[in-house]
């Protein structure tokens with residue numbers, strides 16, 4: 001189909017050249033009419049092929065298991081209760097509040113194209129660079145995306161938006177059961193989810209092993225265990241078919257190396273909110289590649305939202321760090337998240353412990369990178385910086401092309417294009433932006449697996465080229481002059497205005513929410529003993 005389309009357009013270009021070369025000025029009107037008839041004819045031919053290849057998305061939710069309440073499962077969510085027994089681990093964990101994390105980086109203000117790419121979705125209101133685990137609860141409260149709810153049943157977001165934010169989440173799932181947990185508004189969790197990502201997210205803190213100072217790694221979120229079981233099934237079948245060695249990925253039976261990485265898959269993964277109850281689900285039934293997950297979503301007809309400009313059925317990637325890592329050189333060589341971000345260090349008391357100040361490996365180079373690499377810190381940093389620049393450059397090109405495609409699609413709709421005409425181009429926009437977001441939403445993909453990220457971005461450029469070629473045909477058919485003029489989106493304020501977002505209204509509502517509602521949440525949490533003051537530093 002692609003070859004046919006390109007052949008048609010090459011033919012048109014050649015005919016245009018010949019006509020302009022040989023027809024006299026007196027024949028301009030005839031030439032223009034002939035050129036237009038050629039383009040329209042090509043349009044009908046190519047569009048008939050496009051539309052025969054694409055079906056409309058209809059969401060068919062996959063039925064998900066729902067775990068009942070488990071009142072006997074005790075999860076201690078207050079991180080401060082472990083400070084006395086494990087001071088080195090606690091104090092290093094608390095240090096994630098320091099350094100770069102103290103400052104918020106407003107990514108959408110640095111790159112206003114994001115506001116267009118997420119047009120019609122809450123991410124267009126505010127998107128910030130990630131900070132340390134210490135800030136997880138604070139940041140989800142503060143971000144404009146969660147709105148300004150006034151009651152437990154109010155607001156735009158689902159309870160699922162809390163699911164990665166701290167150990168109160170598995171505690172609540174155990175107390176309420178998955179159905180009652182997920183089938184609620186985000187605001188209902190406000191007085192309950194007050195402890196940021198910490199001890200009980202990764203460790204069985206009530207176990208004998210933990211009491212003896214052993215890691216006692218545990219995943220207490222049922223949906224994560226189900227996802228790893230599904231991934232084990234998918235990858236085992238692929239590895240067997242392709243004659244590759246296979247490592248068991250089901251958490252409860254996995255080896256230590258796999259478990260050390262899978263703990264981070266509690267949160268650093270791609271997921272979506274499934275069904276009416278908005279249940280957090282990992283789309284791993286086919287595997288973890290960008291194509292595997294795209295096929296999963298396309299097969300069930302899932303759409304995160306409909307884009308406000310193009311009307312494309314969009315997908316929003318979350319943060320597929322575990323996926324990209326596992327597909328790249330570090331994952332394939334068994335170098336886990338803990339090896340690079342949580343090295344063994346010696347405390348002031350002489351004890352060796354795992355550093356819980358999760359940070360850039362270059363900050364502890366001798367304990368991380370130097371364990372495997374013989375290059376100097378400066379040499380290795382130069383390599384990583386160069387890879388980051390390559391990724392950013394290609395990512396920027398893809399962003400620019402997808403932004404143009406959204407505006408071109410809007411112009412086509414405004415000119416009278418039909419749903420049938422637009423269907424194939426919109427699917428290409430969906431697939432192109434999905435590839436951009438799969439890479440852009442990952443944390444450190446340029447470091448974890450640069451070859452994977454660049455390959456995904458390159459395929460995204462192919463997809464958006466297909467989209468814009470199809471849109472050019474549609475625009476020409478409907479008499480729209482090209483190139484389509486793109487509004488000024490050079491600043492965030494200009495982009496918000498173009499996209500119809502009243503950012504000041506959103507900010508004022510959030511300010512009032514933080515001033516009136518959040519203090520009530522914290523007071524209720526203190527009364528329940530869920531929120532306590534940190535111990536004094538010795």
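Don't overthink the numbers, they just go from 1 along the chain as shown.
Just so it is clear, glycine is given a Cβ too, placed from its N, Cα and C backbone atoms.
So that you can see what the record holds, here are the features copied from Swiss-Prot:
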{"type": "SIGNAL", "residues": "1-55", "note": "signal peptide"}
{"type": "BINDING", "residues": "133, 264, 267, 268", "note": "heme c 3 binding site"}
{"type": "BINDING", "residues": "161, 164, 165", "note": "heme binding site"}
{"type": "BINDING", "residues": "199, 202, 203, 356", "note": "heme c 2 binding site"}
{"type": "BINDING", "residues": "270, 271, 316, 318", "note": "Ca(2+) binding site"}
{"type": "BINDING", "residues": "271, 319", "note": "substrate binding site"}
{"type": "BINDING", "residues": "330, 369, 372, 373", "note": "heme c 5 binding site"}
{"type": "BINDING", "residues": "337, 340, 341, 448", "note": "heme c 4 binding site"}
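Non-local neighbourhood of residue 337 (heme c 4 binding site): 260, 261, 264, 268, 325, each in the same chain, at least six residues away, with C-beta under 8 Å from its C-beta. Counting neighbouring Cβ atoms within 10 Å of each of the binding-site residues (203, 319, 373), the lowest count belongs to 373.
Secondary structure at residue 318 (Ca(2+) binding site), as computed by DSSP, is coil. Listed in sequence order, the residues of the same chain lying 6 or more apart from residue 270 (Ca(2+) binding site) and placing their CB within less than 8 Å of its CB are 282, 283, 293, 317, 318, 319, 320, 323, 438. Proximity of residue 340 (heme c 4 binding site) to non-local residues of its own chain (separation of 6 or more, Cβ distance below 8 Å) is seen for 330, 361, 368, 369, given in sequence order. Secondary structure from DSSP puts residue 340 (heme c 4 binding site) in a helix. The Cα atom of residue 202 (heme c 2 binding site) lies nearest to that of 165, taking the binding-site residues 165, 316, 373 as the candidates. Listed binding-site residues near residue 341 (heme c 4 binding site): none (candidates 161, 164, 203, 271, 316, 372; Cα-Cα distance within 10 Å).
Ranking the binding-site residues 164, 199, 372 by how many other Cβ atoms lie within 10 angstroms of each Cβ puts 372 at the bottom. Separation of the C-alpha atoms of residue 271 (Ca(2+) binding site) and residue 164 (heme binding site): 11 Å, rounded to the nearest whole number. Among the binding-site residues listed (133, 267, 316, 372), 133 has its Cα nearest to the Cα of residue 199 (heme c 2 binding site). For the heme c 4 site, the Cβ centre of 337, 340, 341, 448 serves as reference, and the other residues of the chain with Cβ at most 8 Å from it are 264, 325, 330, 335, 336, 338, 339, 361, 444. The Cβ centroid of 330, 369, 372, 373 marks the heme c 5 site; residues of that chain outside this set whose Cβ lies within 8 Å of it are 335, 340, 361, 368, 370, 371, 380, given in sequence order.
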